[in-house]
Amino acid sequence: MNAIERYFGINGDNTTVKTEILAGITTFLTMAYIIFVNPNVLAEAGMDKGAVFVATCLASALGCFIMGIYARLPVALAPGMGLNAFFTYSVVLGMGYAWQTALGAVFLSGCIFILLSLFKIREWIINAIPLCLKQGVVAGIGAFLAFIALQSSGVIVAREATLVALGDMHTFPPIMAALGFIVIIGLSYKKIPGAVTIGILLIALISLLTGHTQFAGIMSAPPSIMPTFMQLDIAGAFDVAMISVIFAFLFVDLFDTAGTLVATTSQANLIDKNGNIPNMGKALLADSTATVTGALLGTSSTTSFIESVAGVAAGGRTGLMAVTVGVLFLLSVFFAPLAAMIPSYATAGAIFYVAVLMLATLKDINWQDLTDAAPVAVVLLFTPLTYSVADGIALGFITFTSVKLIAGKYSEVTVPVWVLTFVLLAKIVFL
């Protein structure tokens, strides 16, 4: 026990081993929904649901172990919401790539992330991207997730005359999706740990009791991971048209991680007087390594989860909290039958809830400055309407650079933004 305390610096962080473990349990409860949601989302891309379930658990566990042991920070990792939706609905179903090629793109984005971390270019990129674009991308992904949740549950359906319309709200799936969303919001407002997971399991239970789902058991030996393990097509991801896809995976993962690290370490009072995050380089390297490992196992980008803040609020201050979450994810591989009984409408409410949280970034936009507001509006609207995070980001960057230039505010356009704008514009025009 003393060795653990010394390694994680527990005595020097005003915490105890017991507190760290309880904080880890709290964090796991708030993010356990991903082991139900991620297999459902990636199964839509044609991937084996059982294999994705195991890959999700293992990638999450490995990510947490690396973050906890190497970076020693109270930050948990798992396949990211938004990134998994982009993987399935944009890259595979929208652009027509095989899921193996999409995994190759995830792998390459993780490799680039590692290089950026090793050569310390990441801070330059993070600081060079305007805040309004960062916030706009988060909100755009939120709108995309909301549309996917409504569509998958039958709340929104296709209609030739108007493209979309309200579905039949008298049927079971949309009713359950709406109920799940309401329950999750209510429990979250009451700050009940595991609100999202409780909401998903409640709808799954109602579905089971009403005969809409067949009982498949609770625990069993883990399914085979072989249908997705090492199945990525790296060569196929080197296609020129995949540049924007790889960039989108990288961009979202990079800023999602940076934002989560800032929020979590601020909550834990770990940031020094100069505003620096301890072991920031190690944390970003841990995150990027987890993405590469996750792609090899068979899941979309693994990233730092903002739900880690719940564990910090419960007293977590060290990497032992993340290690605890990793152990719980590892044990979760034995609950595959439970995950198999979760219908898509049971996770729709959870996805819509995450969308609400992401849309909250809009409150920080300077709507009085039209040169800031316009790019945000473009990303927000075009991401769901084009069914592509990559296209939303590309059009947002192009709009930002264009309006700043015409308004005479070209000094606000940094070198990286200029470069990305020209690359993304060329991709849209010529590919």
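Backbone N, Cα and C define each Cβ position, glycine as well.
TrEMBL annotations:
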- 21-38: transmembrane segment (TRANSMEM)
- 50-71: transmembrane segment (TRANSMEM)
- 97-119: transmembrane segment (TRANSMEM)
- 131-151: transmembrane segment (TRANSMEM)
- 171-189: transmembrane segment (TRANSMEM)
- 196-215: transmembrane segment (TRANSMEM)
- 235-255: transmembrane segment (TRANSMEM)
- 320-339: transmembrane segment (TRANSMEM)
- 345-362: transmembrane segment (TRANSMEM)
- 374-401: transmembrane segment (TRANSMEM)
- 413-430: transmembrane segment (TRANSMEM)
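Contact count against the transmembrane segment (413-430) (Cβ pairs under 8 Å) is highest for 374-401, out of 97-119, 235-255, 320-339, 345-362, 374-401. Counted over residue pairs separated by six or more positions, the transmembrane segment (374-401) shares at least 3 Cβ pairs under 8 angstroms with the transmembrane segment (131-151), which defines the two as touching. When each of 50-71, 97-119, 131-151, 235-255 is checked for Cβ pairs under 8 Å to the transmembrane segment (320-339), 50-71 comes out on top.
Outside the transmembrane segment (131-151) by six or more residues, the chain places 81-82, 85-86, 89, 157, 177, 251-252, 255-256, 259, 348-349, 351-352, 354-359, 361-362, 364-366, 372-373, 375-384, 387, 389, 392-393, 396-397, 400, 417 with a CB less than 8 A from a CB of the stretch. With a cut-off of 8 Å on Cβ pairs spaced 6 or more residues apart, the transmembrane segment (97-119) and the transmembrane segment (235-255) reach 3 or more such pairs and are scored as touching. Ranked by Cβ pairs under 8 Å to the transmembrane segment (345-362), the stretches 21-38, 50-71, 171-189, 196-215, 235-255 are led by 171-189. When each of the listed stretches 50-71, 171-189, 235-255 is scored by C-beta pairs under 8 angstroms to the transmembrane segment (21-38), 50-71 comes out highest.
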